[in-house]
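Okay, so here's the structure we're looking at.
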Amino acid sequence: MSSAIPLNVGIVRSAAGDADAPKRVLLAEPRGYCAGVDRAVETVEKALEKHGAPIYVRKEIVHNRHVVETLRERGVIFVDETDEVPEGALVVFSAHGVSPAVHESAAQRNLHTIDATCPLVTKVHQEAKRFARDDFDILLIGHEGHEEVEGTAGEAPEHVQLVDGPDAVDQVRVRDENKVIWLSQTTLSVDETMETVDRLRQRFPNLQDPPSDDICYATSNRQTAVKAMAPECDLVIVVGSRNSSNSVRLVEVALSAGARAAHLVDFAREVDPAWLEGVRTIGVTSGASVPEILVEGVLELLAANGFGEVVPVTTANETLVFSLPRELRAARA
Ligand code: SF4
């Protein structure tokens, strides 16, 4: 995990809940779109420009209601599986990645495919393939049913076991305790993942670590920023969708880092006025699939309720950009 260096965490302390303290917002930086989401959304937009509507996208391109609804209005048809796509049509694979079986099924239906899988997810796929080739048991830490986990596990189903948190460690069975490696979903809680790894290592002392961190820079950076501000916050509002793993993790991280309350909202209209009663400091952040316009909506609503002062809490600067999939590269402005 990229270690974020605190850059601007000089938060003026005020006792949480102090009725005389000024009302203010602490705004996490970094927040919102990561490089993989930016690329995936632009992939669909460029595909629409180049090929015209309708185009098909397997699963939600990224886990955000606003993004999905906006693209649907522009002519994108979201499907669960490739067998819902007409023969020969264009389908985009989402940022979360797909298993080889999905590629095969698309090829059988003569579909034109554009793969918007985040390169950092592809990296975990490559690790799974490599360690399966070397006949390791691969313990994949992740959430059961999440699309990314299904895609990664599908690279080597006979070698991969899912470990869904520390409590699942006791059920793990391996063939050779000296040939075991752990990998992980990219959007987990950093702390909970290390707890799971510690438990796994108690059982398998020779457990091998991944060649590089699987939890991505964007996930860990957003958690670091939330941890920096949470102890000062009476309330943390995370903008993000319920099916967005990294957004849900931000709520958990805020609470475990000392925020008195934390809530996930898709839109400003979901902020319950009761949450603001007796509150002086509100932390605001957003998941990696959230466009900034949704954060602006929340900030406007808070300003209208007396929270006009906004103090940035910066723990990292992000500059990573991924190039578009090959088929669309010439189309990037
Ligand atoms: S959260 Fe991380 S792995 Fe997922 S799309 Fe963004 S950069 Fe890629």
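Using N, Cα and C of the backbone, Cβ positions are placed for all residues, glycine too.
Around GLU148 (active site, proton donor), the same-chain residues at least 6 positions away in sequence with a Cβ under 8 Å from its Cβ are HIS96, GLY97, VAL121, GLY142, GLN185, THR186, THR187, SER245. GLU148 (active site, proton donor) falls within a helix when secondary structure is assigned with DSSP. The feature active site, proton donor is assigned by TrEMBL to GLU148.
According to DSSP, CYS216 ([4Fe-4S] cluster binding site) is assigned to coil rather than to any helix or strand. Cβ contacts within 10 Å of CYS216 ([4Fe-4S] cluster binding site), excluding its own Cβ and spanning all protein chains shown: 26. The feature [4Fe-4S] cluster binding site is assigned by TrEMBL to CYS34, CYS118, CYS216.
Marked as isopentenyl diphosphate binding site by TrEMBL: HIS63, HIS96, HIS146, SER244, SER245, ASN246, SER289. HIS146 (isopentenyl diphosphate binding site): 19 other CB atoms within 10 A of its CB, across all protein chains.
Feature annotation from TrEMBL assigns (2E)-4-hydroxy-3-methylbut-2-enyl diphosphate binding site to HIS63, HIS96, HIS146, THR186, SER244, SER245, ASN246, SER289.
Taken from TrEMBL, the feature dimethylallyl diphosphate binding site covers HIS63, HIS96, HIS146, SER244, SER245, ASN246, SER289.
Recorded residues HIS146 (isopentenyl diphosphate binding site) and CYS118 ([4Fe-4S] cluster binding site) have their alpha carbons 15 Å apart, per Cα-Cα distance. The [4Fe-4S] cluster site is set by CYS34, CYS118, CYS216; from the centre of their CB atoms, other residues of the chain with a CB within 8 Å are ALA35, GLY36, VAL37, ALA95, LEU120, VAL121, THR186, THR187, TYR217, ALA218, THR219, ALA288. The Cα of CYS216 ([4Fe-4S] cluster binding site) lies closest to that of ASN246, out of the binding-site residues HIS63, SER244, ASN246, SER289.
Checking the recorded positions CYS34, GLU148, THR186 against ligand 1 with a 6 Å cutoff on the Cβ atom leaves CYS34, THR186, in sequence order.
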